[in-house]
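Lifted from Swiss-Prot, the feature list:
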type	residues	note
BINDING	Cys96, His99, Cys118, His124	Zn(2+) binding site
COILED	132-241	coiled coil
DOMAIN	282-494	domain 'B30.2/SPRY'
MOD_RES	Ala2	N-acetylalanine
Amino acid sequence: MASGILVNVKEEVTCPICLELLTQPLSLDCGHSFCQACLTANHKTSMPDEGERSCPVCRISYQHKNIQPNRHVANIVEKLREVKLSPEEGQKVDHCARHGEKLLLFCQEDRKVICWLCERSQEHRGHHTFLTEEVAQEYQVKLQAALQMLRQKQQEAEELEADIREEKASWKTQIQYDKTNILADFEQLRHILDWVESNELQNLEKEEKDVLKRLMRSEIEMVQQTQSVRELISDLEHRLQGSVMELLQGVDGVIKRMKNVTLKKPETFPKNRRRVFRAADLKVMLEVLRELRDVRRYWVDVTVAPNNISYAVISEDMRQVSSPEPQIIFEAQGTISQTFVNFNYCTGILGSQSITSGKHYWEVDVSKKSAWILGVCAGFQPDAMYNIEQNENYQPKYGYWVIGLEEGVKCNAFQDGSIHTPSAPFIVPLSVNICPDRVGVFLDYEACTVSFFNITNHGFLIYKFSHCSFSQPVFPYLNPRKCTVPMTLCSPSS
């Protein structure tokens, strides 16, 4: 009931032009009221006689000067705007909030659902309108496509979110890895500094003891020499102060003694020839450590691959290689044509990794071994290996880039033999201050180099093969030789 009254009141205070509640209502002589903006717009479009215009509703003429603001209607409109619809009215979402009419039309320009009164209002005048049923399917397709696109965008957004989280985790891992490396590097630097300091101080103490001992011995000799000259002077003074007989008695011996007096100069130790530790020596060590750290970035986990040629003893984890008890290895039926073969070749073993490109690094523990050979091999060559004439024929031209130790102290590299002795390798003696207990091997396939590092001596370079001819896949190579102590492939985490 109340809703019906409100609707009737709204109709009375609705502008006949825009069909909306009156805004700043103006009343004409005929009693009709219009919005100020609507009436002004109507004046511009109409062609009245001079000074007179007609009402848009009843066409009765009126004078412009007679137009009056209708404050009473304005107050009613203000009150109506404050009135809320009942719950039943509010639930009618398919009805126009302004006019209460059912929403049956769709304005294409404004893309809004409107009622028939809205369609006739100034706001939608001249717009293209359609029944909601006519455009619903079209917009359903559009919204479905938009939904599909948004779902795809959502998936992409989730993937981007996952990527950034993964990158964040990766960065945290990388930073933690770098922190660990820095701590390890500086710990190693401190260890090197402590070792260098201790070693230099020990050398100085040894030098001091040796030099002072020799100087003391020289001092004793100089004291004895001075005493001998002093005694000869005393004898001469006594003769010169005595009688003629005392002067001439034994004078020949005295003269001979005088002639034989030759002063022996003391042994000296020039200070400018001493080798004193300099900061430059430490710089060399730091440079070596930096190079070792760089190549260790390419550390690969190497294990050995058993084969039917090698007689080496291999551990279950495929990391340790040792030699059987030294003995003559007799022919294994169907494999070797000689009645016995070179023992060193029979204990050689290849790593399981076939290398055809890139940079690779690994370390081998050879502590307590008196003999070993290690490096890189291009694969076994039985025809060359089992020729008894070829004794330890480890030459690059046969696919071996190796170094070795024998008799516990002699470290050698094996190069190609000369034109005069092509069947025997050219052995290059290597100078190492500290015999390596652990050797690092770095292979750069593209640069054609194989480098060996003395890990025991802070990573100093032992030897480097350059201009290597890698015409086929190469493998890590280990040979324990006749020493039964095992050699061990170290894991990257060791």
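Cβ from N, Cα, C; glycine included.
The structure, with features from Swiss-Prot marked on it.
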residue: Cys96; record: Zn(2+) binding site; Cβ neighbours (10 Å): 18
residue: His99; record: Zn(2+) binding site; Cβ neighbours (10 Å): 21
residue: Cys118; record: Zn(2+) binding site; Cβ neighbours (10 Å): 23
residue: His124; record: Zn(2+) binding site; Cβ neighbours (10 Å): 19
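The Zn(2+) site is set by Cys96, His99, Cys118, His124; from the centre of their CB atoms, other residues of the chain with a CB within 8 Å are Leu19, Arg98, Glu101, Ile114, Cys115, Trp116, Leu117, Glu119, Ser121.
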